[in-house]
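Annotated in TrEMBL:
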- 28-58: region 'Disordered' (REGION)
- 34-46: compositional bias 'Basic and acidic residues' (COMPBIAS)
- 107-284: domain 'C2' (DOMAIN)
- 622-743: domain 'MHD1' (DOMAIN)
- 856-964: domain 'MHD2' (DOMAIN)
- 979-1104: domain 'C2' (DOMAIN)
Amino acid sequence: MKKMACARVQESDGSFFESFTALAWRQENRRRRAASEAEKDAEKPPPSENQAGARPKRHKLTKKEFELLYIEVLYTIKHKIGTTTGTHTPYIQDLYQYAQYAFGVSPEDHARLLAKATEEKPPIVILNLTVVEAKGLEAKDADGFSDPYCMMGIMPGRSADQDATGFFSSDDDSIKSKDKDRIGLRKFSSSLKKKKDKAQAVRDLVPAKLIRTTSVKTNTLNPVWNEKFRFDLDDVKTDRLHLDIWDHDEEFSVVDAAKKLNEVSGIKGLGRFFKQVAQSARTKDDSNVDDFLGCVNIPFSDIPSVGYDKWFPLEGRSARSNIQGEIHLKCDLATREDRGIPEDDNWTDILQHEDLMRIMIEHEIRNAKGASYLWNGELPQAAKTILHQHAIQGDITEVQRAMCRWMAYSRKHTEHALDYEVLLMHLIDLDRIWKPGTSSREEEECLAESFNIFIEYSLNLLKRHRDIFPPSNKTAFQRLEGMLRCLTTIYNMKVFKKSCPFIKDLHPEITHVIKKGTLEWYERQATTCRSLAKREDDNLQSLLDLTNTLNTEIYMALHYFDKVFQEYVNVDYFHIVYRHLDKVLGDELHQDLKTILRNAGCNKEIQLSEIDENTAVGTSLFELYLAIQEFTKYSSHLTPKDRQGLNISQYFEWFRSAVSRWLCIARQKSLKRIKKAVELDKVAQMDMSVKYSTSAVDVCCCFVQITDFWKQLSWPDYVGAFPFVNKLTEDICKGAELYADLVHEKLIKAGYYDEEGQFDVTEQLCITINNIEQVRRALKPLPDTLNFSEIKKAIEMSNGEHKQEGQSLNNLIKKADDIMVKKITQVVDRVADKMRPDIKKDVFHLNWAPESVPADDAIGDLLEYLDTNLLTLNNNLLKTNFDRILESIWVEVMEEFQEVMEKEEVRPPVFYQRMFDALGVLVDFFHASGKGLSMDEIITDQFQSLRERLSLHKMDTPTLIETFFNSKCQDQTQLENSEFGILNVRVCYRMDAHTLLVEVLSAKDIIPLDANGLSDPFVLVQLVPEHVFPSIQVQTTKVVKKTLNPLFEETFEFTINPIQCQRHGATLLFTVMDHDLVFQNDFAGEAYLSMAEIPGVDGLEVSGYEALSIVSLPLMHPKHKDHAALEILGRRTWDKDAQDFVKKRNKVHDQAASSIP
């Protein structure tokens, strides 16, 4: 029922407020839908890059070129060189089969083309050797070093039955038996001996096919040469490399012999000159022969296809030789063909290598499972083997191979989107091994072309990066990062800077692409939104859709794209995109928004008198406001300098008239809703836990919705916001006052204020009080909710028209709060007033109950009545309201107690003792152990006065008289003026003699009581009260004639015990009189001195009486009913002692009154 009532209230104005507060929810739901769609797209395949990117002209082989390339591949496989490593395929047939599959060649064409490859002349196998360095050589010279050099050559293979002397048949000197003729030859060949038999020695004297030497490195045991050599091989299966290291003594013999080696032709001549080289390494003195440092033998059949790059331990002439050290060699096998072109010109092989690689990549992509970007770029072993053999047989360097890999993969990337990590790997590899001077002009031009193609392709993708690399697609966004990393790597590569020296920097290129792509994207989005605006009314929706789309884009720009572009290419993506979109969107809004506002009637201020049932303002307009606001909030991420000159920064000014119109309509709608809420209020159907009804809920919700709408607007200009906030606050306060009046009026109509009939605390009464309080509480958050402090601060800092009005906002709320509290108090006090008769009756019974009835029993009826009604109130009232009504009832109870004491006949003290005890019981009842009224609320001035009166009433007459004198002593000490003069005395008590000594010294400025303007003063000294000092006579000083400053100097003694002196109220009373012979003596004044303050009464010994200080007592006159005790004594008509005491005091009062003119 509660929900039905609320729904009916909302329906009364078409859910006006709900529709506007839902704008924020609508925005949030839009974001959530977008996030949900993004989650769905996260695992989808990324958008196609090849359709969006600029596709370069595809290089396609002709049929003839294709067959020639295939023949080249078959030729390469057939003449495979080097041993196979673990990453390559050793089986020739597997290589043929892979080539056939990769090229897509039929078996017939394969057989035909293989035959052609077989007919080709076999290539010449060559050895590329680099002597890098040696270390740890033996020191042969006296200075502890050596002068090492290397002598190397190709040792041809021989059959076992070959005659060792056959090689030297035309050289008679080569087989002389004298040892001294063979020493030089033995320098190279003797290191090959393993046995010393003569036949073996003769075979070892066979000369090398070609002998080369390195330069001599003087005075070192760790020589570094880095010298390159190239040898042609006859039989790679049997030939081997032999290298000696010698310590040189005469450089001339080595250099001269090395120069003549290139003049040798034929084996005979080679043997002769080898012998010459060997002999030249010594002098006439055998002791000067170059010292042997070690040798290395490398069979070519052991060299892998990837070559050697390692350290080889040096060997000796025999097992007994003591050789140390090792040498670092690089050697690999290659081939060359007799094509009539220079050996170092392998450009054709490089182009073929790239074409071959592209064909293999294409084959692997076609056969890969899944999309091309999922392929890891790894070629199978057979492909790697073919490419490797083609590279080494074509003498293609590592740099050229890396170049071919990049060109092949990057070109294929424009046809099939590859993994950017693969491309990045090849770029890094190329940059790592490329050194200046390692590539030819043709190679650099080819590389430059590939770089430019990839850059142009990538920039075209970046132009449409929102569509191709959406952040919602995880894979696509990772690809964007990969592409930017590739671009950054390219621009940082040495080879790129060398081959493309005039290309623009990456940063301006990407900045230009982002700007252009952003404008093109905006035009596409704007065109799409405009196409949906079929009617003029749809222009607003078109702008709204466009702005929401831009907000989504800006969010992506800030949280995704900007981080990537900043990290990889150092481009401030967000700044570029935001400023461009701000400009184009601002132009769009300036153009269309004025028309939209005019059509909506929001282009001018509206007056309250112009509002009727048909006046309205659409939610779409404010939804557009919030969308624009969301867009402008992103500008906070710009630098202060960049925020200057933005196109939409003052967007809120466009909506000023619309907001004013909404507030006027909202005022009328809210007042109407408040009346409807009171009309449809359903108290009876409320849950027991709820302490207010539907009307309060509806009104509070209405206020919250109004403030929520204003908070959504988040008006940036605080000074400009003041008129709106002032009007909004005033409207809410008026609504709250209206509600309080309506529910109060409803309570009046229900007979709440009727005097007739029995009064009961009802649930409706409690709900009414709670409703007003609940709505009142709704006003409390307004200063914070509406930013009063910020608005006030802004107004104070400005010089505008509202500078003096900053305080008015809080005043509006205070005024409304006072009105509502007054209304609540009016209802609450009425509850207490209605309960007053019953409270009066129960207090009366308490007072007149028999003397034997204790307080707890006598007050039982009152407590039961209060408990019954307060229980209902507590169950139905809010704590604040319950405390209010509890406080009001407490006041009523105290007033009844007060009235009983003042108006009822005075009873004996025992009855007042019971009332005093009952008052204590009521304190506990109303405090309720902290759950009721606080003690500060209970112990009021009224309560203090009541308790004091009861305290006096419950005293017996003697105690009451003592209390009277005690109070007079207190009055004496508090008296400051001396209008009636001063009496000077000196007093002490001698404990040993139980004697009170009183010395009346003098008086000053006593009032004149005779016709001559003077007086004839004397002093009466009396101990009071009389019942404490029954046998003590009043003492009198002498009369001093005609003076206002008499000097007495008389001493009196009173014999009294210490107990009497210490009695409560024991007082020394001095009365100054004017002596008159004819008429009655006149009263001049009196003074009181508490005996408890007299020196010696406390038991301490008093010495030096003359040294005691003089006590100056201002004289005073009694006042009418100057103490409650005297009044109470006067009302005890049944007590003779009380009446006698009052008569005496009244006489003093009369005398004092007659003495004052």
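Keep in mind that glycine also has a Cβ here, set from the backbone N, Cα and C atoms.
Sorting the domain 'MHD1' (622-743) by DSSP state (H, G, I as helix; E, B as strand; all else coil) yields 95 helix, 0 strand, 27 coil. Taking DSSP states H, G and I as helix and E and B as strand, the domain 'C2' (979-1104) has 7 helix, 57 strand, 62 coil. Residue counts for the domain 'MHD2' (856-964) under DSSP, helix first, then strand, then coil, are 92 helix, 0 strand, 17 coil. Each residue in the domain 'MHD1' (622-743) has a pLDDT score, and their mean in this model is 86.
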